[in-house]
Amino acid sequence: MAKKHRYTTVQRKQERQKEEEYIKELEQRIQDYDVKNNKAVFFKDLPISKSTLKGLNEASFIKMTDIQRDSIVTSLQGHDVFGTAKTGSGKTLAFLVPVLEKLYRERWTEFDGLGALIISPTRELAMQIYEVLVKIGSHTQFSAGLVIGGKDVNFELERIAKINILIGTPGRILQHMDQAVGLNTSNLQMLVLDEADRCLDMGFQKTLDAIVGNLPPDRQTLLFSATQSQSISDLARLSLTDYKKIGTIDSSEDGPATPKTLQQSYIIADLADKLDVLYSFIKSHLKTKMIVFFSSSKQVHFVYETFRKMQPGISLLHLHGRQKQRARTETLDKFFRAQQVCLFATDVVARGIDFPAVDWVIQVDCPEDVDTYIHRVGRAARYGKKGRSLIILTPQEEAFLTRMAAKKIEPGKLTIKQSKKKSIKPQLQSLLFKDPELKYLGQKAFISYVKSIYIQKDKEVFKFDELPTEEFANSLGLPGAPRIKIKGMKAIEQAKKLKNTSRSLLSLSKANDDGEINDKKDKQVRTKYDKMFERKNQTILSEHYLNITKSQAQEDEDEDFITVKRKDHELKEEDLPQLTVPTSRRAQKKALSKKASLSTKGNATKMVFDDEGQAHPVYELEGEEEFHKKGDAEEQKKEFLSKEAEIMADRDVSDKIIQKEKKQEKKRKRLEAMRREMEAAYADEYSDEDEEGGNVAYLGTGNLSDDMEEYSSDEESRKTKKSKTVDYRFDKKNKTISEDTDIMEIQEPETIEDLESLTARLIEG
């Protein structure tokens, strides 16, 4: 029987016409909407589709915040948006609703490819955005995908070609752009940067530039954050020239960027007393939910392990960027569900994460700038709820208060009651003495903190030379300050760039023009035993730990009985033997080598010939008189720089085009290779049916006509087997097809002659 459709062809056509008319009406309402004069309160008052509105209602999003009211319709009207709003003000919905509406009005399908790209600086924030999108977009027909580090890349590669809305971190998105054959960004409609200031900073600069280079320039761009850099160069990198700035928070009317319901305070304490203050605070606030921020993951790990053994009386959790993704997700779930818990964390959860009912935000280490402080304290007092924050500053870091005052943030000063303060130094010393691995953690925590102070840019706040290293080491329970080797700022910046670049991207950068990666090492099968023997120690048996303790061991041990008096010294000429003739063939070959003889003749000079045949050096120095005849030195310098800048700008455009074409060519070749592999696999799968006996040759009878007859009969039988059977029901009286009459089984017509014979048979009945 024929499949019964829900609607007939006429009804489906009417439904399409209704939807087109509804979309036109919606677009007209958007263009007529006056953002300045219309102060809507509810989402239903906005010109958005019924499916999006239904998803918002089911997710309990009824009333709008200020940033949502001001930015959603502006984004719907097609403008680029540069949005700033306080933490916890609902910026996520401010860009998710325009994304859904844009694709709905464009009638986007899975065959149109990627329509919207949302970039988040952290994995946790990307996961939160994805969860909100799934809730409010439950009644739409779009496909959404989440690509973050720590997940299976092959699983994402198989599905990324059919995704309409892609959410992810910069590194993984760029990896898919270079590696995923089916990912096509040429038709992208919207680019969204959540926490845009973090995405635009030096850590993600090259990655983001590479992503933007793969996107079409006529897209719509939305930037949102609680604190944003207004650098013209940052905006120019995103092709953001004509944009609408919405929700400015640094004006005199709005006051500070922190929520009004947040009560802020600070404590001045010595560096050696910070852990004592923290432990005493936790002991006196056991029935609260708090987040404690540190500057490095090693500090988080050390404080978590030591406090866990001292059992302060509250559940302890820790979260940092060096953990596996599964452990990070499980920790977040536990913290979401718990009501009385303390989370030790780094800045991976400082931005955008919507933690429910956080009572306290503690900052043990001073943040690098006021923007980081704003994002940290923004984890409390969200959506109008009350919250409190505390920052612990050393006497050397009091200048940070002036930085906060410049942004209209004035926390109150707290004093510590001596009766509530408890020293934990003896307990830490005892724990580190009993457990060498815990001592190693303490040494790494000490080194990471000192390095974090060294790399800070604000030297008025972070004074590296005034650090009390010995007292700080004793406060951690260490017997002395470990030896620290700092390589320099260039090496640290290079390490940061490598940290933000995925290994897959580094390997893809070594690919040839055909898109193939040539590994020098032969690919061998590595068993679990090979991996076990190749594994390096990460505890007290590691090389890093031995290097730390080497200086202490050298000081403790006595002088050796036999010592080296001198090393790598020069011998006197009278002690050297007279060697006039080479003593071996190797020495003779070395003495007669062309390379060795050229080394004694000095550097060669390269000459070029002019039109008259005169030889000139490649680089000739101009005389002083000739130089002054051309004009002032500063003017010549400016003229030279302007010319070179124009040349570099022209070449930059052509280089980008060439680079883009090379990437597309690599993708095309990779896609062609995949197609050939699939065809070969398909041919191998069905080759057995055609061969009917493997590699066996059958000889004929000697008569060519008999062999041809057998071949034709085999072909006809094979066609008969493969041909389909069609049931035609024909009413002889009414000359119409019916379901209740006799059934005549025939073959499906393949040629015009078959079709004519079938028609004749049906007419004759």
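Here the Cβ of each residue, glycine as well, is placed from N, Cα and C on the backbone.
Annotated ATP binding site per Swiss-Prot: ALA85, LYS86, THR87, GLY88, SER89, GLY90, LYS91, THR92, in sequence order, evidence recorded as sequence analysis. The domain 'Helicase ATP-binding' annotation in Swiss-Prot covers 72-246 and is backed by sequence analysis. Residues annotated as domain 'Helicase C-terminal' in Swiss-Prot, with sequence analysis given as evidence: 274-432. If you look up Swiss-Prot, you'll see 575-615, 682-725 marked as region 'Disordered'. The annotation motif 'Q motif' is assigned in Swiss-Prot to 41-69. Positions annotated as motif 'DEAD box' by Swiss-Prot: 194-197.
Panel annotation: around the motif 'DEAD box' (194-197), residues 91-92, 95, 118-122, 125, 129, 223-225, 227-229, 351-352, 371, 375 of the same chain, lying at least six beyond its termini, place a Cβ under 8 Å from a Cβ of the stretch. Of all the binding-site residues listed (GLY88, GLY90), GLY90 has the fewest other CB atoms within 10 A of its CB. The Cβ of THR87 (ATP binding site) lies under 8 Å from the Cβ of ALA226, ALA257, THR258, PRO259, ILE374, HIS375, VAL377, GLY378, ARG379, ARG382, each of which sits 6+ residues away along the same chain. Summed and averaged per residue, pLDDT over the domain 'Helicase ATP-binding' (72-246) gives 87. DSSP assigns THR92 (ATP binding site) to a helix. Around LYS91 (ATP binding site), the same-chain residues at least 6 positions away in sequence with a Cβ under 8 Å from its Cβ are ILE67, GLY83, ALA85, ASP194, PHE224, SER225, ALA226. For THR92 (ATP binding site), the same-chain residues lying six or more positions away in sequence with a CB closer than 8 A to its CB are GLN128, ILE129, VAL132, ASP194, GLY352.
Excluding ALA85, LYS86, THR87, GLY88, SER89, GLY90, LYS91, THR92 themselves, the residues of that chain whose CB lies within 8 A of the CB mean position for the ATP site are, in sequence, THR65, ILE67, ALA226, ARG382. Break the motif 'DEAD box' (194-197) down by DSSP state and the numbers are 2 helix, 1 strand, 1 coil. Listed in sequence order, THR65, ASP66, ILE67, TYR383 are the same-chain residues at least 6 apart in sequence whose CB falls under 8 Å from the CB of SER89 (ATP binding site). Each residue in the motif 'Q motif' (41-69) gets a DSSP state, and the totals come to 16 helix, 2 strand, 11 coil.
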